[in-house]
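Below: the structure, in structure tokens.
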Amino acid sequence: MEWDVVLVMSQDQDKSEKPTPQKLKEAKGRGQVSKSQELNLLVTCIVFLSVFTMLFDSISMQFISLLKRIFLISSDFSFTSESLVTLFRFVSMEMLYIFVPLIGFVMLFGVFSNVFQTGFVLSSFPITPDFKKINPASGLKKIFSKKTVFELIKSVFKLLAFTLVIYFSSSTLIEYAYELMISPVSILPSIWLNMLIKVGIYFILLSAPFVLFDIIFNRWDFMKNMMMSRKEVKDDHKKREGDPEVKSKQKQIQQELLQKSAALSQVKDSDIVIVNPTHIAVALKYDKLTMIAPVVMAVGKGELAGKIRSQARRYSVPTIQNKPLARKLYKETRLNKPVPAHCFDDLAPIFRWLLGIK
């Protein structure tokens with residue numbers, strides 16, 4: 001076992017390279033992601049407190065109505081096993097009906113919190129039995145890991161912090177307790193609500209620093225565990241180079257680069273460049289003897305549009321600003337193809353003007 005521990009530590013020391021996107025993708029497929037449970041708990045508390053406050057009047061009215069019905073039933077209630085079961089079912093269903101909106105909101109935002117942190121992760125890997133996990137070397141390493149030490153220190157500080165909050169807020173809680181004893185029944189719910197809000201705010205404010213540190217540490221620990229050796233990085237690149245999907249994408253990128261290069265080289269042969277004025281550029285050529293319609297010599301958006309304009313200036317190709325037409329041509333035309341017939345009416349004045357200046 002001692003040799004196993006040394007071997008595991010040696011392997012970890014060799015992992016000095018950042019994880020590749022492929023490794024992170026595979027880890028996500030196995031359900032291994034950076035996630036803070038403290039953030040989920042904080043979101044749950046905030047949502048619970050907010051929704052409970054908004055629905056408090058409705059919940060309290062329904063709860064009081066339920067208590068009244070229970071008191072009415074109890075006046076002629078026979079305490080038998082069957083009647084007790086019936087009463088329990090009735091109360092359970094009514095309580096569920098009262099609190100289901102609150103529970104629904106809390107569960108919904110709990111899911112949103114997880115998705116916000118990790119994206120959509122659907123994997124059965126974490127619950128699949130793995131006998132490697134009972135390896136003594138791995139278990140010993142996990143016990144003395146930085147994550148375990150961090151969780152221990154975090155728990156101690158949380159306990160101390162919550163103890164201090166309870167100590168300093170005890171006078172406020174005593175005031176509420178006294179107010180509950182002397183106040184009429186009609187205002188008891190509002191007193192309980194105020195007390196719950198105050199305690200909830202204390203908890204949220206206290207939890208915020210722990211959540212921040214937990215997010216930072218979990219992200220750092222996850223990336224550290226994902227680190228790769230140089231050999232693993234090389235193997236990953238080789239594997240990806242042989243992947244048909246990657247090859248197809250690389251081929252597509254190469255074709256796009258070649259098309260862009262060819263398009264730029266054709267700008268000098270164009271008759272006109274229509275721009276939008278900075279985001280889109282479309283270069284056209286028309287020869288009435290050989291063409292049935294103007295042909296797109298170059299088309300581009302963003303950086304490529306800027307290069308087309310530069311080439312046009314370099315070779316003294318006329319440039320005209322026409323936002324609607326430039327957008328239409330960009331969306332509806334293809335490189336080295338004639339423009340659609342429904343664009344002729346918009347282009348006719350431009351080519352008449354072009355013939356005039358020539």
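For all residues, glycine too, the Cβ spot is worked out from N, Cα and C.
Residues 39-58 are the range that TrEMBL records as transmembrane segment, among 39-58, 279-298. In terms of DSSP helix, strand and coil, the compositional bias 'Basic and acidic residues' (12-29) has 12 helix, 1 strand, 5 coil. Same-chain residues lying 6+ beyond the ends of the transmembrane segment (39-58) with a Cβ under 8 Å from its Cβ atoms: 101-102, 105-106, 109-110, 112-114, 117, 189, 193, 196-197, 200-201, 203-204, 207-208, 211, 214-215.
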